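Colleague: Below is one structure. I have some questions about it.
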Amino acid sequence: MLWLLCGPSRAMENQVLVIRIKIPDGGAVDWTVHSAPQLLFRDVLDVIGQVLPDATTTAFEYEDEDGDRITVRSDEEMKAMLSYYYTTVMEQQVNGQLIEPLQIYPRACKPPGKRNIHGLKVNTRAGSANNSSSAVSDSLPSNSLKKSSAELKKILANGQMNEQDIRYRDILGHGNGGTVYKAYHVPSGKILAVKVIPLDITLELQKQIMSELEILYKCDSSYIIGFYGAFFVENRISLCTEFMDGGSLDVYRKIPEHVLGRIAVAVVKGLTYLWSLKILHRDVKPSNMLVNTRGQVKLCDFGVSTQLVNSIAKTYVGTNAYMAPERISGEQYGIHSDVWSLGISFMEPLQLLQCIVDEESPVLPAGEFSEPFVHFITQCMKKQPKERPAPEDLMGHPFIVQYNDGNAEVVSMWVCRMLEERRANQGPQ
């Protein structure tokens, strides 16, 4: 196979691509692609469905330069994978090395576990419940998509839930292209958080979203927000999740270290769970860390809303004060980027983004915090990704070990006190 030394983009336009699909029994199937620039995430899933007809595959992985597995679940992540691969090919050719095919590892869906802890039933059909004859699977052409949709229907659509079942109350917040409402589910009597995302959505994007929601539903961790399901109505999608009455951490100020330590333990456990599934959060920040008056701490928005919005607005360019330097500068990113965001989430971001990229990492004020906490933040915010702690090292850090005592009452009392102070400051309504 010939490769042109003219940069990854031109190489992608002119060269044949060989993708090696690794299968569970240790074998592999090579797939030759003649038009790599037009290759879509869904095309790859279709071929995997032919290679593994008895499996339901919603994503696949590739290995980065450190041997870590990176999950691909969208066209955007496909582009990142191909860019990384062609850059590697260029280096191999310059060094006179043998060019290897792009190896990918299919990921089959896991059993549903115990996610729907409140027994809510969510309609996953496009449109309202009154048009229930038009199931999503009816419009899915490929075998692999039909299997994925059938699995999703089995998990979520054992009953009906539509907009008529929901009574929207207060607006909890905005972000990532959607509005989050506190809502009441009439049939069950439960309070929910419902995020409504307006989308000018195509059928192809609906398929991608359904695959993503299936993955989210199968997450099972007490440190991840409870996800009940989703439904489409006209040009918007509604995501139904657990309601956390304490809200997000971004509305709190001056959190005592003994409280922050226990919050950090829960966040690290939540991230470690996601990483074990090869899921990058990509948006670790205080507004995506929720607390309640029971003392629970849970992560939310782990890739859902960000993926949906970015899938629609492919030209969207945003800035995020919690992004790692390598993400801001457009380089490859992985688990270590989440670690950076974890560190900066627990300190005030005083520097501008340009300073984070070009200058020294921000540091905590001397003498105001314990040595273990300062060391934890410093390690998380190393400028070089490889120097940041791995997941197992985070859990073993003295700061995390110190507060990993399961004492939810500390967080509960603090949240209740803060909410009482907030109500007192607001005065009579």
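Cβ atoms here come from the backbone N, Cα and C positions, even for glycine.
Features from TrEMBL:
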- Lys195: ATP binding site (BINDING)
- 126-144: compositional bias 'Low complexity' (COMPBIAS)
- 18-109: domain 'PB1' (DOMAIN)
- 166-400: domain 'Protein kinase' (DOMAIN)
- 124-144: region 'Disordered' (REGION)
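Thinking about packing and proximity, how do these listed features fit into the structure?
Modeller: In three-state terms derived from DSSP, Lys195 (ATP binding site) belongs to an extended strand segment. Neighbour density for Lys195 (ATP binding site): within 10 A of its CB lie 26 other CB atoms from the protein chains shown.
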Colleague: Of the residues in the domain 'PB1' (18-109), how many are helix, strand and coil by DSSP?
Modeller: 34 helix, 29 strand, 29 coil
